[in-house]
Amino acid sequence: MPDYTREMQHGGRVAGVDEVGRGPLAGPVVAAAVMFDSGVPRRLVTQLDDSKKLTEAARLRAYAALHAARGVHIAVAAASVSEIARLNILRAAFLAMRRAVARLPHQPDMVLVDGNAAPDFGCPAQCVVGGDGESLSIAAASIVAKVVRDRLMARLSCRWPGYGWERNAGYGTAEHRAALCRAGTTPHHREAFGLVRQLTLGLVPAAAPGMAPGLVPAVLEDVS
């Protein structure tokens, strides 16, 4: 379970940052930054964990609790499909992270980033491999980013039905791959990804295993 040890070791304002959406075939990559004023409220500690380990219901409860708690600063940002195509997915994820941190009310003294690489935030940063299972700030960010992106993809699915985004969030499930073979791409598909091109050209079957690694706003106030 994550704890607040790293944050206390650094002292000052420490933000946790995580992103969601590097692997999908459609939609933006979304990043969140979460910073606690004076530690994590006790009622939140047991609700926070790596978003991938939580059920959807548990994620939604934790998301609501984070927004309801005092002394919790949350910022969300994204990099669009067009930015992913122009920059590549890693650089686009870094762009979303920088945007999220820049939207916090105060510049952090330290940024804890899930993973083994981090962008330049204009302040010190530390990479934490498996950080969403180690740091409560990163765990909180992983939950926020996941909920916001899932909601965005569900909204997009209403305008572009048939791809199952409300269920698969743009990932390359069999349902999504079959829809790409059948109906082709939408403006929200990552056409720069090889698998998307191969599916739309019929070069790979929809049931093939594996998954290759714009038109949404970079700031997602309306879905956060």
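Start at 1 and count along the chain as shown; that gives each residue its number.
Keep in mind that glycine also has a Cβ here, set from the backbone N, Cα and C atoms.
Values in this document were obtained by computation on a predicted structure and should not be read as measured data.
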Of Asp109, Asp114, Asp120, residue recorded by Swiss-Prot at the divalent metal cation site of Asp18, Glu19: Asp114
Packing count at Glu19 (divalent metal cation binding site) (other Cβ atoms within 10 Å of its Cβ): 26
Lowest local Cβ density among Asp18, Asp114, which the record lists as binding-site residues, within 10 Å: Asp114
Additional residues around divalent metal cation, ordered along the sequence, whose Cβ is within 8 Å of the centroid of Asp18, Glu19, Asp114: Val17, Val20, Ala31, Ala32, Met97, Val113, Gly115, Gly131, Asp132, Ile138, Ala141, Ser142, Ala145
